[in-house]
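Database features (Swiss-Prot):
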BINDING   HIS212, ASP250, LEU251, ASP278, ALA279, ASN410  S-adenosyl-L-methionine binding site
Amino acid sequence: MLLDESKFDLQLKLWALRIPSQLCKVASRILNGYLLDKPRVKPITEDPTCETNRYIILSERIKNPDLSDIPEDKRDELKVLCKIEVVPYSLTLGYSYWSADHVLKQILPDGVEVPSSFETITFSLCHIAHLNITGELLPYKDVIAKVIYDKNYPRIKTVVNKVGTITNEFRVPKFEILVGKDDMVTEVKQYRATFKLDYSLVYWNSRLEHEHMRLVSQFRPGQIICDMFSGVGPFAIPAAQKGCLVYANDLNPDSIRYLKINAKINKVDDNIWAYNMDARKFISQLMEVPVHEILPEPDVPVLKATEECSIQANVQTESQNGGLTVEAIGVHSDDSSNMDGIEGSCTVADDTVAAVKKHSGSCEEENGTYDNATVSVVGRRKDRMNKRMRGSESSSNIKPWEHVDHVIMNLPASAIQFLDAFRGLIQRKYWKGSLPWIHCYCFIRANETNEMIISEAETALNASIQEPILHRVRDVAPNKAMFCLSFRLSEEACFKEDATKSLLDSSGDL
């Protein structure tokens with residue numbers, strides 16, 4: 001379908017007053033309510049015949065050149081002001097004048113719903129308009145895209161349409177470019193943060209901006225945050241800006257690449273550790289106590305140095321055969337001193353995990369060989385601590401297996417299924433302070449109840465949830481809404497001893 005722009009031309013036959021330029025302000029005040037009132041059209045314009053004069057364009061309601069449609073007292077004021085000269089004035093409102101909504105209503109068939117900026121079209125990305133055109137609108141997708149492009153250029157430089165449903169493991173939709181340049185890299189600004197991303201490679205939804213800030217507002221400076229499905233950092237970056245220490249993970253390597261870029265753009269790279277791995281493995285490795293941190297049992301003698309070396313070497317070999325691997329991009333200079341006592345006599349124990357846990361200088365250099373998921377210590381600079389961090393401990397002393405304050409699970413399509421990762425996750429004798437808050441996002445359909453969702457979460461945890469909080473985030477479809485389920489992780493679920501007993505008890509009930 002081709003767009004004929006000339007069909008939108010509207011000719012207006014109006015009257016105007018020709019008066020000296022210096023009197024326009026006074027005259028327009030006298031004629032208040034009787035001037036042309038059209039959006040984006042100024043009622044005072046140049047006189048093409050004289051540089052010292054101006055035209056004051058009168059309202060469409062003024063039909064007679066004798067100005068009899070204007071009250072007599074106002075006409076008298078004008079006569080006192082200057083000699084009145086009434087001239088005909090022709091105004092054409094063309095395609096460029098009309099809004100996208102007006103144009104689309106004219107070209108789409110009767111009964112076809114016009115896509116609105118709040119339902120189908122997202123303008124919040126810096127230069128990309130994302131359409132979700134389906135069904136009866138598909139034959140008109142190109143003309144719709146052109147109108148959106150024309151009416152928003154140069155703010156919008158690319159118009160895309162989502163193709164099909166999301167089926168890939170990274171939850172990134174496929175797009176076709178309908179009009180504009182083939183450039184999906186953009187920057188988005190939310191509150192005080194800037195996010196760079198490639199819209200074709202990573203997931204982004206600007207409609208969740210308020211939710212990002214709502215959740216982050218619950219965090220306090222110095223708290224430890226674990227983001228299991230971080231994307232490019234919509235939660236991680238503002239949390240780090242607030243002074244939190246963030247462990248951020250995503251399965252999509254492009255998301256982690258942009259997370260690291262965004263951490264540097266927003267100058268919070270000292271507060272974020274970026275992981276690229278499966279979420280279950282991520283949380284499991286994060287909470288695993290490194291060998292050199294394991295406390296000896298009271299009735300077991302302390303290992304001799306040679307025995308310790310042997311065990312550590314075995315652990316290192318296991319790590320190389322599929323354990324957590326590390327991509328370190330430089331760390332604080334004082335971290336390496338923490339490992340001196342171990343390095344003096346043998347290979348570092350559990351090098352791949354301990355390096356992340358202690359963020360030590362013994363991590364392998366960037367661009368090394370890694371067979372599995374990677375972890376990135378984002379931008380640790382020598383002799384520099386984050387000035388924005390208000391926590392009492394330096395980042396090098398943080399041990400997540402001892403304490404985490406909040407865990408974010410923003411994968412609403414399946415996050416609840418990942419709650420089983422918390423079963424017996426934590427060793428009681430190492431944990432300090434209260435257990436973390438879990439913030440698990442999910443979808444609830446019209447035929448589902450809050451109780452059903454909570455029950456599903458309890459089944460995944462194999463433990464009861466005390467005082468759950470369900471926050472409605474937004475409607476995503478007529479019969480489908482996004483929620484955030486928040487609750488304090490229970491001892492029954494996460495401590496190894498309690499979880500094992502709970503599992504045995506539940507098995508005995510079968």
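Every residue, even glycine, has its Cβ placed from backbone N, Cα and C.
What Swiss-Prot annotates, mapped onto the structure for a quick look.
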{"residue": "HIS212", "record": "S-adenosyl-L-methionine binding site", "DSSP class": "helix"}
{"residue": "ASP250", "record": "S-adenosyl-L-methionine binding site", "DSSP class": "coil"}
{"residue": "ASP278", "record": "S-adenosyl-L-methionine binding site", "DSSP class": "coil"}
{"residue": "ASN410", "record": "S-adenosyl-L-methionine binding site", "DSSP class": "coil"}
Query raised in the report: Including all protein chains shown, what's the count of other C-beta atoms within 10 A of the C-beta of ASN410 (S-adenosyl-L-methionine binding site)?
Result: 23
Query - Neighbour count (Cβ, 10 Å) for ALA279 (S-adenosyl-L-methionine binding site) - result: 21
Query raised in the report: When you measure from the Cβ of LEU251 (S-adenosyl-L-methionine binding site), how many other Cβ atoms are you left with inside 10 Å?
Result: 20
Report task. Using all protein chains shown, find which of the binding-site residues ASP250, ASP278 scores highest when you count other CB atoms within 10 A of its CB. Result -> ASP250
Report summary line: Within the same chain, the residues at least 6 apart in sequence whose Cβ is under 8 angstroms from that of HIS212 (S-adenosyl-L-methionine binding site) are GLN190, PRO234, PHE235, PRO238
Query - S-adenosyl-L-methionine binding residues HIS212, ASP250, LEU251, ASP278, ALA279, ASN410: largest Cα-Cα distance, in Å and rounded to whole number - result: 23
